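According to Swiss-Prot, the feature Na(+) binding site maps to 75, 78. Taken from Swiss-Prot, the feature transmembrane segment covers 7-27, 39-59, 68-88, 100-120.
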């Protein structure tokens, strides 16, 4: 890894972490459901799908921009550990329906958004 890539990852990571902090702070929970985490994971999934769609469809995305958005911004914006903790907390509180909804929503929505981003990159 060269220095330019490292700086791109660091800058993207800083912006992604700040975005996650503010988005999750605005929408932390809605009636015990962790909306903020679902939203940040969804945004990051769409962006990653779009970037890798561009690459797949033959559009050159410079390595430093891939590092900035992919590893840096999206890596810091999305959060599997918080999703896991929030799901565990719902289970601990015996909110079984909300825990199942959280798991289902995160998997279905984020995978769908990767697909949508991938397809939109073709246009």
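Each Cβ is built from the backbone N, Cα and C atoms, and glycine gets one as well.
Not measured: the values here are computed from a predicted model.
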Same chain, 6+ residues apart, C-beta under 8 Å of the C-beta of residue 78 (Na(+) binding site), given in sequence order: 20, 40, 41, 44, 45
Per Cβ pairs under 8 Å, the stretch of 7-27, 39-59, 100-120 packing most closely against the transmembrane segment (68-88): 7-27
Surrounding residues of the transmembrane segment (100-120) on its own chain - C-beta under 8 Å, 6+ positions past either end: 33-34, 37-38, 41-42, 44-53, 56, 83, 86-87, 90
Where residue 78 (Na(+) binding site) sits in the secondary structure, as DSSP reduces it to three classes: coil
